[in-house]
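Participant: One structure is given below, represented as structure tokens, and several questions about it will come after.
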Amino acid sequence: MISLTSYAFVSMILFSIGVIGVIARRNIFVIYMSIELMLNGVNLFLVTFARYYFSMDPQIITIMVISIAAAEAAIFLSVIILLYRSKKSLDTDIFTTLTQGEK
Amino acid sequence: MTDTSLLVWIILAPLIGSILNAGFYFYHVKRRPIPELVFSLIGTITPLIAFLITLNLFLSMLDNEVTYRQELFTWLNIENLNISMAFLGDKLAIFMSMFVTFVGWLIHIYAIGYMTKDEGFGKFFSYFNLFLASMLILVLADNPVILFIGWEGVGLCSYLLIAFYYTDKDNVLAGNKAFIANRVGDFGFLLGVVTLFFALGGVDLSFSSLESNISNASTALLALSGFLLFVGAMGKSAQIPLYVWLPDAMAGPTPISALIHAATMVTAGVYMVSRFHFLYSGIENIGIFIAYIGAFSALFAAIIATRQQDVKKILAYSTMSQLGYMFIAVGLGFYSSGLFHVLTHAFFKAMLFMGAGGMIIALHHEQNIFKMAQHRVQLPIIGITFLIGVIAISGIPPFSGFFSKDAILAAAFQEGEYLIWAIGVFTAFLTAYYMFRMYFILFVAPNKHTKNYVYTSRTITIPLLILAIGAVGAGFLNLPSTLGGEHMVDTWLMQTNSTEVHMSHATEYILMVVSVLVALLGIFVAYKKYANFDVYNPEDEKGLIANKFYVDEIYNVLFIQSLKKLSSFIDKTIDMKIIDGFIMNSCNQFINIGKKVAMIQNANVRFYALFMLVGMSCVFIYLYISLGL
């Protein structure tokens, strides 16, 4: 049986790749995918816990996360389309003009 | 029938008149016009009431020795400072308020004729009554603090009245000048009262208790207090060096000049020194100091007056000069002689101002004596009364000015102050000279136009005639024993510890003859020079004397310009550069810090995520270490 530590290690790697993707990439689609990666990293960890401790609670949270991620994806994709229409770009640095103050 | 409670009504009568007139004037301005008769009646009846009450008190005082004192309420009672709103009607106060109310009343009547058809008629009478009320508060005050109320009151009213024609900038400036010069003096007075309070410690501040406690105080503090109080008198009574406001005060309507110069305001200083006689008699040398200030003021003003061309300014300088005589008297301790001169001066100076005012109206507000002479009009009553006034002030017997001035000169001679005596005699010569110079130019010097002009207003002529009687006859009230008199004023006022004149009759005769001769000489010189003067070719206005010794200019440089420079230095350098620099600089520092902080908030989501990550990592590391996991 694969140990808990190995699962935890894989989910940490997934999460970290997601974090780095959010911070380092400028393409908003890649950022979105990185966020999904972070969520999946957490999901994997939760499911591992559920299996090891024979508890359904982490699984419930996982289902919650997946459904919220789906809802988020719907909103996120529509927002991206709107932003793209107004700016003709997927570069997040351009979207800093959404701030209240002058830039 | 006399009752002590009448005392306060002497003050309340004109005060109520002032309030009523002010109320009616508001109605007059806001709603519908009120006839001048209403204002005139209120304005003249209230001083008459004050005069009648004073007369009543005076007559009952003649019969039996009484001192009226009326305490209304306690005004201030803080630990050992106790000031009550009380009024004192002793001989000095009643003597003073007798002619303040009487001459004041006559000037009020005169003002009806003078101010007629003026827009601010009601306002004028409101101020005028307030002026009289303030003066009466000053005279009847029972303690220095109440005296100060009146003292400030006359200062305020003089400001209001000198700047009465407020649409003219010069008048307003003259009003300001009077107010500010007086404020300097008032500051001295106030400090004097405070010093007196500290010198005496916790006593009731009324004059009687001050007098009985005066010996407990330290001499140094008393001397300081006496000097500071006298600074106040310098301001009010226009003595060197605070006299500059008085000639400029001629900007107001003539009745005001008459009131300021005859019955109120300028005599306040003399009265105050007499009131504090117990203080001044206890201080060494201050009497001599006061007398010398008076003597030099008298001389200085008389010299300036010889070259002035404005009829009212000549009279103003003569007032300053006569006040100098009064201060010689009170400085040397001859309070009754000083006050007697205040009395006679009130009559003839009020009359001279009224006469000058009558001529000024007749000549459409021309005040230059040479131009007035060019358009001479025949004003018989004014002409005669003016001559009486000029003779009286010049000191020709038996007119009143002779007796009062001579008493002062005799006093100076007796005290051994021969320099003061000599200055006084020389000033008498100058007085006769410049007064007759004015008279000859105005009434005698030949000119081409002499119009017949009869001024009909009885309100102007009747007060003049009454005052003429006073100017001629007031001297007999204090006829010296040398001339078979009884020193009535001296005897009556003896409670003020006045020093008496004791000298041989021969000396007294010689002194009298000297002063009469000197006055006659002055008249003779004036006659020679001005009786046939060509008024179409007036004197030029050049030279030191005609320019009043440039004192105004010196003051301008010394106080006004230097203060302006100092202020602009403080504004430009200290305020703008140092203080503003400091404040603005610290502001800028905060702005710079803010800008640096703002750089973090750059709306870049990925940066925010990075910060969040860093922050969370820090929290986890902290938890890891602190919880020992």
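Backbone N, Cα and C define each Cβ position, glycine as well.
The model shown is predicted, which means the values in this text are computed figures rather than measured ones.
For reference, TrEMBL lists these features for the protein:
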- B:6-26: transmembrane segment (TRANSMEM)
- B:38-59: transmembrane segment (TRANSMEM)
- B:75-125: domain 'NADH-Ubiquinone oxidoreductase (complex I) chain 5 N-terminal' (DOMAIN)
- B:92-112: transmembrane segment (TRANSMEM)
- B:124-141: transmembrane segment (TRANSMEM)
- B:142-431: domain 'NADH:quinone oxidoreductase/Mrp antiporter transmembrane' (DOMAIN)
- B:147-166: transmembrane segment (TRANSMEM)
- B:214-235: transmembrane segment (TRANSMEM)
- B:286-305: transmembrane segment (TRANSMEM)
- B:314-335: transmembrane segment (TRANSMEM)
- B:347-365: transmembrane segment (TRANSMEM)
- B:419-440: transmembrane segment (TRANSMEM)
- B:460-479: transmembrane segment (TRANSMEM)
- B:509-527: transmembrane segment (TRANSMEM)
Participant: Could you tell me whether the transmembrane segment (B:460-479) and the transmembrane segment (B:38-59) are in contact, taking contact to mean 3+ Cβ pairs under 8 Å with a sequence separation of 6 or more?
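Facilitator: Between the transmembrane segment (B:460-479) and the transmembrane segment (B:38-59), which are separate recorded stretches, there is no contact, as judged by 3 or more close Cβ pairs.
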Participant: For the domain 'NADH-Ubiquinone oxidoreductase (complex I) chain 5 N-terminal' (B:75-125), what does DSSP give as the number of helix, strand and coil residues?
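Facilitator: Taking the domain 'NADH-Ubiquinone oxidoreductase (complex I) chain 5 N-terminal' (B:75-125) as a whole: 30 helix, 13 strand, 8 coil.
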Participant: Going along the chain, which residues at least six beyond the ends of the transmembrane segment (B:460-479) come within the CB cut-off of under 8 Å?
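Facilitator: Distal contacts: 103, 106-107, 109-110, 113-114, 336, 340, 343-344, 347-348, 350-351, 354-355, 357-358, 381-382, 384-385, 388-389, 392, 397-404, 407, 485-490.
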Participant: Can you tell me which parts of the same chain pack against the transmembrane segment (B:419-440), counting only residues 6+ beyond its ends and a CB-CB cutoff under 8 A?
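Facilitator: For the transmembrane segment (B:419-440), the nonlocal Cβ contacts are 291-292, 295-296, 298-299, 302-303, 305-306, 308, 311, 314, 318, 321-322, 324-325, 328, 332, 369, 386-387, 390, 393-396, 405, 408-409, 412-413, 514-515, 518-523, 525-527, 529-531, 533.
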Participant: Decide whether the stretches the transmembrane segment (B:347-365) and the transmembrane segment (B:92-112) have at least 3 CB pairs under 8 angstroms, with pairs required to be 6 or more apart in sequence.
Facilitator: yes
Participant: Using a Cβ cut-off of under 8 Å, list the residues of the same chain at least 6 residues beyond the transmembrane segment (B:92-112) that approach it.
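Facilitator: Cβ under 8 Å, 6 or more out: 10, 36, 40, 43-44, 47-48, 50-51, 54-55, 57-58, 61, 68, 124-125, 128-129, 132, 135-136, 139-140, 253, 255, 258-259, 262-264, 267, 271, 274-275, 339, 342-343, 346-347, 350, 354, 357, 459-460, 462-464, 466-467, 470, 489, 492-493, 495-496.
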